[in-house]
Amino acid sequence: MKTRNCEDAIARRASILAAHFHPDPYNPYNSNGVGVERVSCLQYSPPEIAADKSTFDIGAMRELMHGHNVEDRDWIFNLMANSDLFSAKKKSGKVYAIPDYNKPMEHQREMTMKRIFFLLEKGVFKGWLKNTSSELETRRQAALHECLGIYDHSLGIKLGVHFHLWGGAIRFLGTKRHHQKWLQDTEDYVVRGCFAMTELGHGSNVRGIETVTTYDPSTQGFIISTPCESAQKYWIGGAANHATHAVVFSQLLINGRNEGVHAFIAQIRDKEGNICPGIRIADCGHKIGLNGVDNGRIWFDNVHVPLENILNSVADVSPDGTYHSSISDPDQRFAAFMAPLTTGRVTIAVSAVYQSKIGLAIAIRYALTRRAFNLHPDEPEVLLLDYPSHQRRLLPLLAKTYAMSCAANDLKRIYWRRTPSDSKTIHVLSSGYKAMFTWHNMNTLQECREACGGQGLKTENRIGHLLGEYDVQSTFEGDNNVLMQQVSKALYGEYYDARKKQKPFKGLGLEHMNNAQPVIPAVLDTFTLRSIIFQVDIFHLRERDLLERLSIEISQLVSQGKSKAIAFTMSYKLAEDLGKAFSQRAVLDSLISAEAKVNSSDSMKDVLGLLRTLFVLVNLEEDISFLRYGYLTPQQSQVIQKEVGELCKELRPHALALIDSFGIPQPFLSPIAFDWVEENSWQ
C-alpha cells in the first residue's frame, strides 16, 4: 500500500511538471493552461525620470532649509566622501559614507578618534573656540558640525561633548584665566574634555547631585569626593577611553555650608593616557546606539584640584575661603550654571531635524521607484508613493520636518545673537524644540523604516539603525517630558505675573493673549482651512485656553492647601498639553515668517503654503486637545481629515524636489535610495 501511494504521488508530481512545459487546458493540474514563459523582470527606473516636474527652485529651497553656509556644507561633505576613513565603494559603482555600525564597539570608538584627527589635520575645527565672537565663524562651525552629525551620530556627539559642553563650560562658566589656559589646547585637541554632570542617582535633577567638593584651607584648594555609589558620574561621554580632563559639577561645601552646585576642572588622565591618582573610571558598556562614543563612569577619591580650577564667572572662592557671587539669588545662580546645556539643546534640536530629513529622503526616493500590486490586469504595478495610504504615511512627516527646519534656523539665529534679556526665550524655545523635534525624529524614522519594508531592516540602508542611534536624544540634555513641564512652568510664570500686575503679555510669543479670544467658524471649508488666519487662530485658541486652564487648576489646588510645586506636579497632563501647544505655535510662527520672505510670484511660495497647511491640519488631527477641550467638533475633525488627504495628493508631484532640497548628497543617503536592484544583484 505504501509503495502504491508513493508511486501515485510521483505520477501526480510528474503530471504537474509536465503541464508547465506542455500546457494542456484539460489537465486538472494545469487549470490556467499557462506553460513556462519568460517573465519581464522589474527594472529600476530613477525617480527623476517618472517624477512630475516641480516648478520651484530647488537651490533656493535648499538655502531656506539649511539657513546658512551652503558652500561650507558642500566642502565638508566632499571632504568626507573622498576619504577612505568615511566612505566605502559599493558594487554598483557608487560611494556611500556609511559608518561602522556592524563593527564591534571598540572598532567604532577607534574609528571615531581617527576621523577626529583627520578633520583636525584638515583644519575643520580652526576657530571653533577662539573665534566665537564672530557670528560668521559661529555659523560656519554650526554648519560643519551639522554635516558631521549627518554622517555619524557618534562623531557629532563626541565633538559636541568636547567643543560645546567641555569647551562651552570653559567659555561661559570660566573667566580670562581659564580661557587663556584651556581654549587653544581644547581647539587643538591636545586637551580632550568631558562633561561630568550626570550621576547614577541624578540625571534631570542636577540640583540634587551628590558629588561633593570641599574647600580645603590648608592647601587653599578643593577636594572632590564621590561619597556613595549613587554619586558616581555616569554616561560621561569621552571618559571611558580618551578624555584627559573633566568639568565636574558638584555641591560646594565651605566651612560646613553647602553653597549649591558649582563647576570645577579636574584632570582624569595624563598625557600618556594613564588614569590619574584618586580617579577610578569604568566603561558604561555596549549601548543600543552611539557605540562610537566611549561613555564612562567616574569616581573621585578625595581628588585635590587647585583654587584656580573653579569656574568662577558665576561665583568664586577667595584663598581665605570666603565665598562670593554677583548673583545673590540661589535659583538664578543655579540657572547660570546650567548655561552650557542650552547649547546642547539647540544642537540636539537641529540634529534631530536633519536625521528626519535623512529618513524621509531615503524612504521617499524608495517609494518613487518601488512598485507593489497592479490595480487592473495587464497594467504595471503601482509606485508606492502613488498609493494614498503611502502618501498619508510620509508626506505629513515631510511637512512637519519642513516646518521644524525653519524653526530650528530661527532658534540658532536667536542663540547666536543673544543678549542677557534673551535667556528666558532661549531656554523655553530650546527646551520645547528639543523635546518636540526629537520625538518627531523617532516617529519619522519608525514610519520610514516600515515604509521601506524589509529593506528598512538592513543596516546599510541606515533608517533602522538610526532609530537606535537617535533614541537617546529624548533623554540626554534633559528628559523630554521634564523639558515640556519646564516650558509650561515658564508660561505659567508669565501668565501669573501679567495677571497679578495687570500688565500686557510681552515675550515668548504670548502677545496674542492681549487680544480677544479667536472665534473658529462653525463651517470649515477648504478656503478656511488653508488660510493663515484660521491656522494662527486655532493654534492661539488652544494655547491661551490651556494656559488659562492650567492657571485655574493650580489656583484651585493651592486653595485646597497644596503647595505650588505639588499643584504643578498634579496638573502634569495640562502642562504637557500646554508645552506641546506652545512649541507647535512657535514652529508655525517660524514657518509663516519664512514663507513671508518668498516673493508672491514665486512657485516656492505656493509649495510652502501647502506644507504649512498640512503641518497645521495634521497637528489638529493628532492632538486630542482640540476635541477634548472643544476647540473643534467631531464633524469639523472629519472635514480636516479629508483635507489632509487632498493636501497629500497635491504635494505628491513635489515630493522628489522637496527631499532634494534637503541638500543631502548621495553618499550620505543609502543604497536603497538609488538603484536597489543593481545593488542587490549577483556580482
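Cβ from N, Cα, C; glycine included.
Heads up, TrEMBL stuff is auto-annotated, nobody curated it.
Not measured: the values here are computed from a predicted model.
Quick look at what TrEMBL lists:
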ACT_SITE  GLU477  active site, proton acceptor
BINDING   THR198, GLY237  FAD binding site
DOMAIN    194-303  domain 'Acyl-CoA oxidase/dehydrogenase middle'
DOMAIN    341-491  domain 'Acyl-CoA oxidase C-alpha1'
DOMAIN    536-669  domain 'Acyl-CoA oxidase C-terminal'
Out of THR198, GLU477, the listed recorded positions, fewest other Cβ atoms within 10 Å surround the Cβ of THR198
Whole-number mean pLDDT, the domain 'Acyl-CoA oxidase C-terminal' (536-669), equals 96
What DSSP reports for the domain 'Acyl-CoA oxidase C-terminal' (536-669) is 110 helix, 0 strand, 24 coil
Ordered by sequence, the long-range same-chain Cβ contacts of GLY237 (FAD binding site) under 8 Å (at least 6 apart) are ILE157, LYS158, VAL161, CYS194, PHE195, VAL293, ASP294, ASN295
Quick note, GLU477 (active site, proton acceptor) and THR198 (FAD binding site): C-alpha atoms separated, nearest Å, by 10
Secondary structure split (DSSP) over the domain 'Acyl-CoA oxidase/dehydrogenase middle' (194-303) reads 6 helix, 54 strand, 50 coil
